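Enquirer: Residues or ranges marked as transmembrane segment in TrEMBL: 33-53, 65-81, 86-103, 109-127, 134-151, 163-181. If you look up TrEMBL, you'll see 331-421 marked as domain 'Histidine kinase/HSP90-like ATPase'.
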Amino acid sequence: MSVMRTDQLTAPGAWWDARLTRLGFRRPVARDALLAVTVAVVMAAAVLSAMRYAPADLAPAEGTVTWFVAIVVVQSLALTLRRVRLGWCAVLVIATQVGLVALDPEVSVRGIAGVVVAVTLGTMFPAGRALRMAAAATGAESVAVAAVALARGAGIGVTVEHVLSTVAVWIPSVLLGVYLATRRDHLRLVQERADRLERDRDARVRSAVVEERARLARELHDVAAHHLSAMVVQAAAVERLVDRDPDAARAGAVWLRNQGRETLDNLRQMVGLLREDPEYAGEAGGRDRLAPVPGVAALDHLARTARALGDRVTVEHVGDPIPLPTLVDVSVFRVAQQAVTNARQHARGTDVTIRVIHEVDGVVLEVHNGPARTPAEPERATRGGAGLAVMRERAGLVGGTLEAGATDDGGWRVWLRVPLATHDGRRE
């Protein structure tokens, strides 16, 4: 399942947070103060520039430019309170806007502080409450600027323009804030869901690995029991042949030594693997200890069973089969079995080919399935979970190399190679 990470969706915000933190602006009040100063400088420059180059019939009365700049700066600096005292911040912004109208109703000066306050309102409160508060602020400012404009002798047209400007600032801005808050909450939920899925996937992988180690331990018990039983029988034969046929007894002793060494190596490998997980203990019970341990020779049976379930599985052998160490034999079978299971889950109904390549110094297993004929279930859309972890566990146990990935035709390929040199060339 593919989930977009929240940090990818909010990269600009994360970028700004990192830069501001690096500059020392860690607290919200400090960042708001920086915003207020920046807005004040920009607005002061904008007002000075606009009034300097305004046509004569639109220019403000002489001596009022300084007041316009001063009021705009005070209005902008009020943004320092936007997250600690939003109510007072809104009152100051509205009051200074009324002051701008009172200074000269014929000159329309609108600071961007009102936009910032309205957006902040939409992000800090639930949508319904934010809209009600914005409507109240819009009404209060509209009544105030209309009264002041009319008192200063402005016409109806100018007064209506001031009222419409107030509405145009507050309502769209608070709606933008509500949208940003909704998006923020959505991204948080997406991130929480992604984290939960990641935790669940990790838990499934850990559970599958523990279960696979338990099965490995059970299978090694079977292998060791088989070897030791054969060694007991052979030891009895050697005992009888010591006097009658020393050469045969010597050959039997060599066989005993090789079998004992191989069994000991297998036990060491398994103990080393299980010691890597201190939580593993007592998981090896619950299986019929007399059941046979499958190997490469059982792949044909695996294919027949899969075909009986509706899968199209074929087995191919390349090269001359050679006896494999039991642990290698079992691991090759289990990897093939897991690969077929994965194909059934993710690409049911497609062709699956199991190919075993017998080399002089190793054995190679390749399992390939074609593209899915029907879309996979959402929770099975990727193969990065327990199945691959189990196969890698198997490969690591016998010193093998495992690769898995998509193919050019849209299918999937699992490749395992186990060098027999790592097993000292001893084969059953």
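Cβ from N, Cα, C; glycine included.
Not measured: the values here are computed from a predicted model.
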Enquirer: Which listed range (33-53, 86-103, 109-127, 134-151) shows the maximal number of Cβ pairs under 8 Å with respect to the transmembrane segment (163-181)?
Expert: 109-127
Enquirer: Counting CB pairs under 8 Å, which listed stretch among 33-53, 109-127, 134-151 touches the transmembrane segment (86-103) the most?
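Expert: Most contacts with the transmembrane segment (86-103): 109-127.
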Enquirer: Quick one: DSSP breakdown of the domain 'Histidine kinase/HSP90-like ATPase' (331-421) into helix, strand and coil?
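Expert: Residue counts for the domain 'Histidine kinase/HSP90-like ATPase' (331-421) by secondary structure: 33 helix, 30 strand, 28 coil.
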Enquirer: For the domain 'Histidine kinase/HSP90-like ATPase' (331-421), report the average pLDDT of the model, please.
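Expert: The answer is 82, the mean pLDDT of the model over that range.
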Enquirer: Let me spell it out: take the transmembrane segment (33-53), skip the flanking residues so only those 6+ beyond its ends count, and list any with a Cβ under 8 Å from a Cβ in it.
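Expert: Tertiary neighbours of the transmembrane segment (33-53) are 20, 25, 59-60, 65, 68-69, 72-73, 75-80, 107, 109, 111-113, 116.
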